[in-house]
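Engineer: Below: one structure in structure tokens.
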Amino acid sequence: MFGRNPARGPDPGDGESLWIQEVFYTLQGEGPFSGQPSVFVRTAGCNLRCAWCDTDFESSAWKPPLPELLAVIDSRRPRVCDLVVLTGGEPLRQEVGPLVRALLARGLRVQIETNGTLWRDLPFGPGLSIVCSPKTRTLDPQLVPRIDAFKYVIAAGETDPTDGLPALSTQHPGRAERLFRPPPGVPVFVMPRDDHGTPARPGRGEDDNLAEAAASALRFGYRLCVQVHKILKIA
């Protein structure tokens, strides 16, 4: 969306129907579950506008009731797959609690990919993993202790030399901003920003982003991840 999406506030619905962009089966390409077969449920709408975001989460008109959505997930999921990833947009913008509970009741694992700024009362515990990619200075304080891993998008020349993490705003290009930093002991993943299709940055490229992410991991002990699905040219 490259920062052109409307910033939508939390949806007041009860979760018995959700606005969904798409449901698809692929390999999880990022973070702690990288390489694992997964059904992705991409929720529509986001409360932020990240200037480099290349994901379409606004073009769908599909708002299925929960039983219909569960049936579609079941139809996409082969027997070898037990992981469902809720992504966006921002999944916690909507009341995803009923969906998460239904998936856990089926014996499935659920991962939520979130920017961490919104809170929902979820069935935290075994089977549910929260992976946060901070895009702002602060996160919801109730959510922070529930986060299982942090993931940061790294671009060359845009990191803080003291910790190797982003030093520029995601909402206002070029503005210095220290994004939320992870608490001690929580796994941190760094991955290079994919600048394909974004406005050119003179003297910088995707190879530079990868080199900076790798250097950050080596110096500070983070875990480097690359977008496996993009390397394989799959969804």
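Cβ atoms are placed via backbone N, Cα and C, with glycine included.
If you look up Swiss-Prot, you'll see Leu27, Gln28, Gly29, Arg42, Thr87 marked as substrate binding site, on the strength of sequence analysis. The annotation domain 'Radical SAM core' is assigned in Swiss-Prot to 33-235 on the grounds of sequence analysis. Positions annotated as [4Fe-4S] cluster binding site by Swiss-Prot, on the basis of sequence analysis: Cys46, Cys50, Cys53. The Mg(2+) binding site annotation in Swiss-Prot covers Thr55, and the record cites sequence analysis as its basis. Summarising the annotation, Swiss-Prot assigns S-adenosyl-L-methionine binding site to Gly89, Ser133, Pro134, Lys135 and lists sequence analysis as the type of evidence.
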Engineer: What is the separation, in Å, between the Cα atoms of Cys50 ([4Fe-4S] cluster binding site) and Lys135 (S-adenosyl-L-methionine binding site)?
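Structural biologist: Pair distance, Cα basis, whole Å: 8 Å.
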Engineer: Using a 10 Å cut-off between Cα atoms, which of these binding-site residues sit near Thr55 (Mg(2+) binding site): Gln28, Gly29, Gly89?
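Structural biologist: Within 10 Å of Thr55 (Mg(2+) binding site): Gly89.
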Engineer: Cα of Thr87 (substrate binding site) to Cα of Cys46 ([4Fe-4S] cluster binding site): how many Å, rounded?
Structural biologist: 10
Engineer: Per the record, substrate is bound by Leu27, Gln28, Gly29, Arg42, Thr87: how many Å separate the farthest pair of Cα atoms?
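Structural biologist: Max Cα-Cα spread across the substrate binders: 14 Å.
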Engineer: Express the distance between the Cα positions of Ser133 (S-adenosyl-L-methionine binding site) and Arg42 (substrate binding site) as a whole number of Å.
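Structural biologist: The separation of the Cα atoms works out to 16 Å.
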Engineer: Could you round the CA separation between Cys46 ([4Fe-4S] cluster binding site) and Gly29 (substrate binding site) to a whole angstrom and send it over?
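Structural biologist: Rounded to the nearest whole number, the Cα-Cα distance is 21 Å.
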Engineer: Find, among the binding-site residues listed as Arg42, Lys135, the one whose Cβ has the highest number of other Cβ atoms within 10 Å in the structure shown.
Structural biologist: Lys135
